[in-house]
Amino acid sequence: MQNSNNNSYLGVTPPISVLESNAREKEVTVTLMEELRRQNTFESEEEAKTREIVLGRVAALVKKFVKKVSMDRGLSESAANAAGGKIFTFGSYRLGVHAPGSDIDTLCVVPKHVSREDFFDVFEPMLKEMEGATDVSGVPEAFVPIIKAEISGIPLDFLMARLALSSVPDNLSLKDDNLLRSLDERCVRSLNGSRVIDEILRLVPNVQVFRDALRCIKLWAQRRAIYSNVNGFLGGVAWALLVARICQLYPNAIAGAIVSRFFIIMYQWSWPQPVLLKQIEEGPLQVRVWNPKLYPADRAHRMPIITPAYPAMCSTHNVTQSTQMIITEEFKRGAEIVDRVIVGTAEWSELFAKHDFFHKYRYYLQVIASTANQDLQTKWAGTVESRLRQLVMKLEYVDSLILAHPFIKGFDQVSYCLSDDEIRAVAQGEISDVVASRKKEDIEGKEGASPVYSTTFYIGLAIEPKPAGAVGPRKLDISYPTMEFTKLVKMWDKFDESTMGIIVRHIRSSGLPDNVFDPGERPAKTVQKRVKGAGKSSNTSPDMPNKRQRLVIAFFDVKLRLIEMPCLPSFLSSSQSTSDLPLKLTENGSTGNTPSLPPVAETLTPKDSKAPQLPFGENVAVATGAVTAQ
């Protein structure tokens with residue numbers, strides 16, 4: 001196999017090793033695949049066949065859509081039939097690593113006389129009329145305009161790209177860069193989703209090994225809560241690019257060996273050196289290609305992982321200082337576990353253990369977006385989530401904060417309220433057991449009653465331990481980042497203060513709601529409450545730390561000052577809304593019985609502390625030597 005530079009290897013550097021995997025690596029690969037099956041990462045044959053049938057029906061519908069629009073534009077029936085239309089899959093389905101129930105990313109390629117308006121005005125209604133289609137919903141204003149649908153139980157995400165061609169034949173390939181000529185940016189972005197996946201599959205030495213290793217890394221990243229592009233971690237394409245690069249460096253290795261090297265090399269990678277599958281190429285368009293020498297914004301990327309299709313882009317521009325630290329620690333954890341798997345002292349299941357985000361920190365920020373309408377809530381919560389990274393970046397400048405750790409998803413809730421007081425409390429994150437247990441029918445026909453749709457996002461705050469000899473609580477003033485964040489989300493062009501609410505507030509770990517935990521996962525503090533209540537006097541309540549706890553809690557003594565409720569919509573009865581003034585909250589050691597929380601200093605290991613190493617004779621410098629953008 002050869003790369004674009006006519007070398008005898010794939011990639012921008014020679015391989016680290018061309019040796020085949022040893023007997024032990026082959027054994028652990030067998031057990032890895034067994035564990036991945038136990039973890040239900042493979043779909044059934046029946047579901048696979050259903051997907052193929054659905055895609056066949058969708059392909060026929062796209063041709064029907066193009067023909068209809070062509071006829072409406074005045075083309076003859078023969079010309080309308082010849083106009084064609086074709087679908088291309090991308091994402092996890094095209095990569096061959098999709099899980100049961102996952103969606104199919106589908107690109108609809110149409111000729112030049114079919115517009116984006118037609119996609120939403122004509123194709124979307126056609127989808128809704130399709131047999132077995134449910135939950136069809138278009139989002140034309142998205143960064144990449146999209147239609148979401150479910151057909152025969154298979155979820156699909158549809159994108160559209162209009163080529164500067166009068167017809168789209170069945171044998172069309174998207175590899176030719178010249179297809180991008182005369183296209184708008186949205187079409188280029190849509191096309192590149194498919195073009196990038198095709199390039200990845202072309203640039204790996206063994207597609208099946210790549211798929212097996214990627215399936216493992218994808219599951220690991222999801223379980224460890226670091227699989228989310230929008231929140232500053234890595235998305236599916238970035239993880240695929242990293243695994244592909246390791247495959248290039250070990251062209252004859254099998255999946256178990258690739259996974260082992262993946263963690264070690266990625267932990268030691270010399271960021272911000274970019275990860276490239278091939279040299280960056282120029283092309284026919286007047287568009288920006290990733291180049292840190294030319295563009296200051298590209299130079300600011302902390303973990304650049306570059307897409308191989310023209311125009312080359314950074315798939316990880318959202319990574320922040322905090323998320324990079326978290327990802328790096330997870331690489332180290334993964335390397336240590338896989339090393340023990342190989343020597344026989346650990347099982348693969350340990351690698352996929354659930355994250356500890358809601359057990360890890362003493363303090364969290366809650367960001368709550370709320371409305372009284374389900375469709376509006378989807379858009380409002382999505383807007384707030386897309387800007388959370390900006391809050392994280394501002395928090396990183398706060399003294400005494402080591403990092404701000406965003407969780408990868410929000411928690412949706414519908415609360416059925418009977419009064420303004422209940423509505424206001426819910427929008428501020430205070431949901432009583434009575435409201436939580438109420439159903440839709442309980443409020444129907446009752447005056448003043450309303451549902452409140454809320455989505456709550458969490459950011460864990462890692463705070464520096466108190467310096468030796470320091471007296472009294474330290475001050476952590478985060479009013480500026482929270483004020484700036486709320487201003488930012490309210491700058492959304494569709495923001496309406498009368499219908500949308502946003503709150504940023506601090507919460508202790510002991511006050512986290514039940515819905516962030518799996519059944520039985522709630523920390524043991526609830527057990528301690530029962531024990532204390534059974535046999536001790538009332539002055540040992542959970543909010544009164546004892547002396548033994550105070551030795552640990554002293555690391556976390558802090559004064560938090562932030563905006564508690566900067567924006568309540570008018571449907572929450574504005575006459576009683578919370579003040580816009582900053583609210584001071586003091587935490588002077590009374591942080592409740594949160595058990596087994598190590599000082600933050602222990603959770604962030606220095607990078608040179610027992611760094612995982614490659615096997616003897618393998619040199620990571622081969623892969624991490626200077627690579628420059630051409």
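Using the three backbone atoms N, Cα and C, a Cβ is placed for every residue, glycine included.
Automatic prediction, not curation, is the source of TrEMBL annotations.
According to TrEMBL, the protein has these features:
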{"type": "BINDING", "residues": "Phe90, Gly91, Ser92, Asp103, Ile104, Asp105, Asp157, Lys218, Tyr227, Gly236, Val237", "note": "ATP binding site"}
{"type": "BINDING", "residues": "Asp103, Asp105, Asp157", "note": "Mg(2+) 2 binding site"}
{"type": "BINDING", "residues": "Asp103, Asp105", "note": "Mg(2+) 1 binding site"}
{"type": "COMPBIAS", "residues": "573-583", "note": "compositional bias 'Low complexity'"}
{"type": "DOMAIN", "residues": "11-204", "note": "domain 'Poly(A) polymerase nucleotidyltransferase'"}
{"type": "DOMAIN", "residues": "209-354", "note": "domain 'Poly(A) polymerase central'"}
{"type": "DOMAIN", "residues": "356-524", "note": "domain 'Poly(A) polymerase RNA-binding'"}
{"type": "REGION", "residues": "514-545", "note": "region 'Disordered'"}
{"type": "REGION", "residues": "573-616", "note": "region 'Disordered'"}
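The local packing around Asp105 (Mg(2+) 2 binding site), expressed as other Cβ atoms within 10 Å of its Cβ over all shown chains, amounts to 23. In the structure as shown, the Cβ atom of Asp157 (ATP binding site) sits within 10 Å of 18 other Cβ atoms. When averaged over the domain 'Poly(A) polymerase nucleotidyltransferase' (11-204), pLDDT in the model lands at 94.
A Cβ within 8 Å of the Cβ centre of Asp103, Asp105, Asp157, the residues given for Mg(2+) 2, is found for these other residues of the same chain: Gly91, Tyr93, Ile104, Thr106, Lys148, Pro155, Leu156, Phe158. Between the alpha carbons (Cα) of Asp105 (Mg(2+) 2 binding site) and Asp157 (ATP binding site) lies a span of roughly 5 Å. If you take the Cα of Asp157 (ATP binding site) and the Cα of Asp103 (Mg(2+) 2 binding site), they are about 7 angstrom apart, rounded to a whole number. Rounded to the nearest whole angstrom, the C-alpha distance between Ser92 (ATP binding site) and Asp103 (Mg(2+) 2 binding site) is 8.
Asp103 (Mg(2+) 2 binding site) has Phe90 as its nearest neighbour among the binding-site residues Phe90, Tyr227, Val237, going by CA to CA distance. Note: the domain 'Poly(A) polymerase central' (209-354) comprises 74 helix, 6 strand, 66 coil (DSSP; helix = H, G, I, strand = E, B). All protein chains included, Phe90 (ATP binding site) registers 25 other Cβ atoms within 10 Å of its own Cβ. Sequence-distant contacts (6 or more apart, same chain, Cβ under 8 Å) of Tyr227 (ATP binding site) comprise Lys218, Ala221, Phe233, Leu234, Gly235, Gly236, Trp239, Ile408.
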